[in-house]
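Student: From Swiss-Prot, here are the annotated features:
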{"type": "BINDING", "residues": "GLY29, GLU30, THR31, GLY32, ALA33, GLY34, LYS35, SER36", "note": "ATP binding site"}
Amino acid sequence: MLAELSIKNFAIIEELTVSFERGLTVLTGETGAGKSIIIDAISLLVGGRGSSEFVRYGEAKAELEGLFLLESGHPVLGVCAEQGIDVSDEMIVMRRDISTSGKSVCRVNGKLVTIASLREIGRLLLDIHGQHDNQLLMEDENHLQLLDKFAGAEVESALKTYQEGYQRYVKLLKKLKQLSESEQEMAHRLDLIQFQLEEIESAKLELNEDEQLQEERQQISNFEKIYESLQNAYNALRSEQGGLDWVGMASAQLEDISDINEPLKKMSESVSNSYYLLEDATFQMRNMLDELEFDPERLNYIETRLNEIKQLKRKYGATVEDILEYASKIEEEIDQIENRDSHLQSLKKELDSVGKDVAVEAANVSQIRKTWAKKLADEIHRELKSLYMEKSTFDTEFKVRTASRNEEAPLVNGQPVQLTEQGIDLVKFLISTNTGEPLKSLSKVASGGELSRVMLAIKSIFSSQQDVTSIIFDEVDTGVSGRVAQAIAEKIHKVSIGSQVLCITHLPQVAAMADTHLYIAKELKDGRTTTRVKPLSKQEKVAEIGRMIAGVEVTDLTKRHAKELLKQADQVKTTG
């Protein structure tokens, strides 16, 4: 949810910070006070089109900042992770500065991002619906996802089964495409990898060979130093009156007194052990001295061999193991190319089999969607009826993603289909608002009043299905009154149960339904107009709703009417 909004030097707003709560927040006030400016600021904050005209006159830039609180597992967390944006304590701070040149600087949790990134994140946080806005529900490409969310676990399970087969199908299709490349490309490829395999095999590499050779080279290169040091060490220990003799004498002396007490016994054992360790070391030194031999030809061979391995590493892998793995891989590829026809037939047969299985799963997903689409239509008809649009008809149009006849494509009901991650369906919500009128897409609903009610009916069902945390209605109640106005108010309240809702309204019925009522007013400050926001108390709500009813003068009658609306709203909230 949008927890706090800060605006500075934006249009007529000098500086303003507004806190928002859960549930339904309404913004009311006189025309021109700045209600829509606040919504404009929110729209720009989440990636809307900016302009230098938004910068307050005489200032260098406009500054917008919003704090969003998230629930764990919200999809926006994944998007932020992909973009390297750190999100701690499940909070996102979005900021956008707009200069007088029209350029924007955008940040999310302090990280600079592009407008496109800001918009991508914003779409998952806010859904703004105004009289002319295109928003999530009006965009056809979102309808499949919304239908799947409405269908829930049943379609989710079927889709998961389908996607497992689909991934296997895609891999096979890729292998088939690689094998089906032109003869000339295949011939060139075969020549190349045969040469590479011959080069690797002729080297007769062994695992860890390079490490062993480097160790041996180190030893031969330091022959003189190793021999001299070993000889000196051996002489120091083994010559007449050498170190080993002195340690032996010390051990014998301590042995004579070792049974007097425990400390002497331990001391004797320690020196005795040291003697045997040193004696063993001298044997090893002698053996190594006898084996040491300087062989310049061996050193030359090692250098040549290491250089050969180095050249192979540069071409085929960082280690000998990598080179051998690459050799195994291209050996398999050579076999596939040389036996291409056989592999092609085998692969086509497997692809055809998998494709048939996947097509069955795709058809199953499609059928489940169609079943739930009917349930969705029934629910939306009920919602529209409660908004006094009982003559409206809602339906979901299904089209199959078709493939051309010359493609290697699986068949569903005898028709070649194009498989995608989400199945074979193209889904679009359609509506007719009057008897006898044809069904058309949501974006083609002409009447502002009708569009408002249609969107509210759909949103009352989908508000809990959408990923957005906040929904904004900007004067969606235009062109309605009376019982329709009351129905709209109740529907907006219903939407606010599942999502935070901010609503600019001119309808007293909607204002009465608010959990939080913010009054937007203009005031003069240092000879300039600015905007202020005031949360209304219960008594102030009565006065403001009375003003909305009366238009100008608030009378005792309009106050009574306002109290009646508030009482009615409380009853609606209580009964649900």
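Counting begins at 1 with the first residue displayed.
In case you wondered, yes, glycine gets a Cβ from its N, Cα and C as well.
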Student: Within 8 Å of the Cβ centre of GLY29, GLU30, THR31, GLY32, ALA33, GLY34, LYS35, SER36, which other residues of the chain have their Cβ, at the recorded ATP site?
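Tutor: Here the non-site neighbours turn out to be ILE37, ILE520, LYS522, THR531.
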Student: On a count of neighbouring CB atoms within 10 A, which of the binding-site residues GLU30, THR31, GLY32, ALA33, LYS35 is highest?
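Tutor: For the binding-site residues GLU30, THR31, GLY32, ALA33, LYS35, the Cβ with the most other Cβ atoms within 10 Å is LYS35.
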Student: What three-state class does DSSP give GLY29 (ATP binding site)?
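Tutor: Once the DSSP labels are grouped into three classes, GLY29 (ATP binding site) ends up as strand.
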Student: Among GLY29, GLY34, all listed as binding-site residues, which has the most CB atoms within 10 Å of its CB?
Tutor: GLY34
Student: Taking the Cβ of SER36 (ATP binding site) as the centre, count every other Cβ atom within 10 Å, in any protein chain shown.
Tutor: 18
Student: Helix, strand or coil at SER36 (ATP binding site), per DSSP?
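Tutor: It is helical.
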